[in-house]
Amino acid sequence: MEHIRTTKVEQVKLLDRFSTSNKSLTGTLYLTATHLLFIDSHQKETWILHHHIALVEKLALTTSGCPLVIQCKNFRTVHFIVPRERDCHDIYNSLLQLSKQAKYEDLYAFSYNPKQNDSERLRGWQLVDLAEEYKRMGVPNSNWQLSDANRDYKICETYPRELYVPRIASKPIIVGSSKFRSKGRFPVLSYYHQNKEAAICRCSQPLSGFSARCLEDEHLLQAISKANPANRYMYVMDTRPRLNAMANRAAGKGYENEDNYSNIRFQFVGIENIHVMRSSLQKLLEVNGTKGLSVSDFYSGLENAGWLRHIKAVMDAAIFLAKAIMVENASVLVHCSDGWDRTSQVCSLGSLLLDPYYRTIRGFMVLIEKDWISFGHKYSERCGHLDGDPKEVSPVFTQFLECVWHLTEQFPQAFEFNEAFLLQIHEHIHSCQFGNFIGNCQKEREELKLKEKTYSLWPFLLDDQEKYVNPLYSSTSQKPAVLEPNTVAFHFKFWRNMYHQFDRTLHPRQSVFNIIMNMNEQNKQLQKDVKDLESQIKQHKNKQTDGVLTKELLNSVRPESPALKTSLCLKEQTLLPVNDALRTIEGSNPADNRYSEYADEFSKAEPAVVSSEYGVARMTC
Amino acid sequence: MEFSELIRTGQAQAELLRGPEMPPLRGTLCVTGHHLLLSPGPQATPDLWLLLLRSVDSIEKRVAGDAGTITLRCKDLRVLQLDIEGVEATLDIARSIEALSSLESVITSFPFFYRPKGLRLGEAWHFHPPERYYKRIARETRAWRLSEANEDFSLCPSYPRAVIVPRAVDDDALARSARFRQGGRFPVLSYYHAPRGTVLLRSSQPLTGRQKLRCAEDEELLRAVLAEARPGARGFIVDTRSAQAAKQARMTGGGTEAKAAYPGWKRLHRPLERGRPLQESFVRLMEACGDPEQSMDRWLSRLDGCRWLSHVKEALSTACLAAQGMEWEGACILVHGAEGTDSTLLVTSLAQLILDPLSRTMAGFQELIEREWIQAGHPFQLRCAHSAFSHTRPKHEAPIFLLFLDCVWQLGRQFPLSLEFGEGMLLALFDHSYASPFGTFLCNSEKERCLCEVRTRTHSLWSGLNQPKEQRKLRNPLYVPNPLAIWPSVEPQSLRLWQGLFLRWTHPPEPSEVAWEKVWQIATDQKTEGSQPTDSASEPQP
């Protein structure tokens, strides 16, 4: 706590991000070891986790105080005005220190204590079992086996210990191939399609330079294609743009030469690298953070940022992969440069298109554990958990979530989870509250003893499951189990609920999801009541056939129902997601919206506060 | 005139391609006075395919060898392709369609011949007379009266026979005021906002001209409005043109209210696009929506370039401004542009949807459209003569009503529980406003409708839509009555392209339709089951 000089500042103003009239809330700002907390005069609390802070800025002093702008990784932007410059300076310095930790051990997860005992914690970590998952896919089998080559992380430090490879690939071949691949990431199984007997494999780029070859690597690829009895040809997808891959050749890396490998079809799919993605998001956030944005500026901003173009590129790549398996029965090997960013995106999204299991709440957790966490997506570097190289930060995983969101929009019934689930996961890749996303690979996580010192996110999400269920989900209506999304440009939309999650004035004022969820819940409750009542009646009928007593029973049943109704109503209220209250707040208020620069013309001071309060009350009940 | 003169060929063999989602149809093609028919033969499942010729927006023909192809672009934005056997037949059919689809005579149009089963002529036309709306207001206030000064359409040809005006102003004064306003459209009541006792008025521009003329009766009328609202009430005149354009209008005899002449009233300029630029915006949007191959960047730049969503934003924020003035400032609002038949109606009708919970019900919305668009004299015949695909030079076409529907759709998206009608209703209104078997959207004004005897000789769209079998398509299953004003967000991030309309025929609606069906199911389960426990409890009664 040596960084905290001031713990409490009063009379701090919180400005509305988009209001042109400098509307503000006044309240008290508290600084704790883990959070920044603002409580306004209505006792509404705004919590900001230190780890979520991406940027703190102290702006030039104004007459009303010293402005402090905080941008968060979950796309919250807050603008405080602290009355005294010294307080502002203290908080600014504290936040600078607290938001960038130097050591893993200082992250929130190592102090977070949800009051669970060790066995509960352990069970939480065992919730997702990847060995089970491979079994579910149908491996090991006659063509694929578990390899112990990397058991001690000797061949590849960034891969997990358990790896599945073609049965005919011997250990020398694996070792040989790994020496020919960037960071030793040789081709291994990511997903096995049981019906088609085709596989999605992943690796990093080959160290081919302009002419180098590696017989073992060629053998391994051949083994993969031989493991597929249906199609001898396999695709090798290089997810990079052709130019980037060619440039890598000069550095002794590069891509597979079709002449050296038998039976491969080589394909570039053109997803840009992490640096392009980082600056694209930066541009996007600059555009949508503009006050008084016009429609035209918004769309030209979207175009210049290129964000949706990148999302489409990732989606197209996943579709290419899914088609290769479904239509041509071909196995596919996916790689980029190091095989932990674009490769993870494409493999996981491709599997999601192919396998309905990954579209369930539990399956989605498994998918993230498998293709992202275990295969060494560098969460800590990409999310900037520690004070490190800002050039390593990139929204690769955010893009994956956005692609999934686009799929949920196109296929409203195909996913068991809803948007809130995706947002919650996004929240926690940055929060460092749970151990899952800390570190950059499994080896590092084991060294940090995360399973002993921290908790897993997944059981907590499962406990809150009803918040994340898609009420329209129907596992039966998925006639074709494979999703074939349409990637015509029209279908890509700006994900407002992600990038403006905390700007409540921009959101729909009534949520369809909530109401359908409530209806569903009530339907279930009513059906249950019907059953209960019917069985009660039956019981009583059996006991006594006397008509008079049946009548009494009816009398005793009737008065119950109003009470039952009220209990339902209470339930309804608790069902509204509590932490989403901001996003789904109902009732609205014209002062929140910029209808006109003429607003000042209406000189009188807000007479209708009462009516808007009434609005909130009426519409949330 | 006989239709048969225009029909050059009886029939031909043809194949119809209806887009990627639907199977092609093969059969005998036939042109009649009002329809294009394709009969695939008695065994086929849809035994007849029918297209109202009036809904053809543009037609392209191509011949190669001994066959021809006709591409029909419809006003509801559908694109159809007909492959026809025989060059002569192709050319004849194309010429027949061209001639028949561009007939301008109202009384020979299809609504005058359409006699559906189950509907009676004259039904539903009586649903929404001005008298009915006046009764609603009279319950709240005595300050207004129903004037029949326009009984014979002599004051204003584009107003209905009866209009609601301040009680303190007599019919002679109305006549003078009418002479001072373009097209005779003197200020009349559009909406009475009972919770605050304020009113929304609409008119056309005053004819001040270069000499800055004034009209005592017109000034008196607006003074009376303020006086009757409450002592010291203020008013805002929302001019839907820029200050510059309003000033320029003086050169052609128009203009805007002088500050000194109308004490208590303050002018606000909110320029809204109308006329040809709006039509061009629609055309460019549809060009962009018709190209599925384009890159993301190209699409976004075309979406930006067509400016359609900017128009949506401007229309919504102007309506919100008017509504805000009434609800929050307790002010009276007068809206006008130049003629007062286009963007004026857009603003007044949207402001009512925002403020008035009744107008968000199915019946109320129909009344709103009847009162604020049809009877208020929006020239549907001129504005909706062609939609986005026409090759002819646009004259009076402008998708103002479509812009209104889009704004309503945006409201519905932001308040999914507050409108009793769903997207299906808005789509139906769009389709019928451009081409319809019903008479509701025929002609440009009440006067013309009377001359053509539309009310007695055609069926009303409302009676067609209010049949029980149509309701599931049109209603919003999630509707919960909500007595509050609904203030939409007008930030660009909150507005979306109305895909259900602009991409209705190009993108497969299937998954979302199935989901919508499921929503219906859940919602109707809810309603029927709500009463079930008592039902089953009473079952075993002796």
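Count begins at 1; order follows the chain as displayed.
Even glycines carry a Cβ here, placed using N, Cα and C.
Remember, TrEMBL labels are computer predictions, not curated facts.
Positions annotated as active site, phosphocysteine intermediate by TrEMBL: A:Cys336. The DSSP secondary structure for A:Cys336 (active site, phosphocysteine intermediate) is coil. Long-range Cβ contacts of A:Cys336 (active site, phosphocysteine intermediate) within its own chain (separation 6+, distance under 8 Å): A:Ser204, A:Gln205, A:Asp238, A:Thr239, A:Arg240, A:Ile271, A:Arg342, A:Thr343.
Under the heading substrate binding site, TrEMBL lists A:Asn273, A:Ile274, A:Cys336, A:Ser337, A:Asp338, A:Gly339, A:Trp340, A:Asp341, A:Arg342.
TrEMBL lists A:516-543 with the feature coiled coil.
For A:124-499, the entry in TrEMBL reads domain 'Myotubularin phosphatase'.
Note: A:Asn273 (substrate binding site) has non-local neighbours A:Arg240, A:Asn244, A:Ser337, A:Asp341, A:Arg342, i.e. same-chain residues 6+ apart with C-beta under 8 A of its own C-beta. According to its DSSP assignment, A:Arg342 (substrate binding site) is helical. Note on the domain 'Myotubularin phosphatase' (A:124-499): its mean pLDDT in the predicted model is 93. Listed in chain order, the residues near the substrate site other than A:Asn273, A:Ile274, A:Cys336, A:Ser337, A:Asp338, A:Gly339, A:Trp340, A:Asp341, A:Arg342 are A:Ser204, A:Thr239, A:Arg240, A:Thr343, each with its Cβ within 8 Å of the site Cβ centroid. Among the record's substrate binders, A:Asn273, A:Ile274, A:Cys336, A:Ser337, A:Asp338, A:Gly339, A:Trp340, A:Asp341, A:Arg342, no two C-alpha atoms are more than 12 Å apart, and one pair sits at exactly that spread. Packing around A:Arg342 (substrate binding site) is summarised by its Cβ count: 28 other Cβ atoms lie within 10 angstroms of its Cβ, all protein chains included. Ranked by Cβ neighbours within 10 A across all protein chains shown, the binding-site residues A:Asp338, A:Trp340 are led by A:Trp340.
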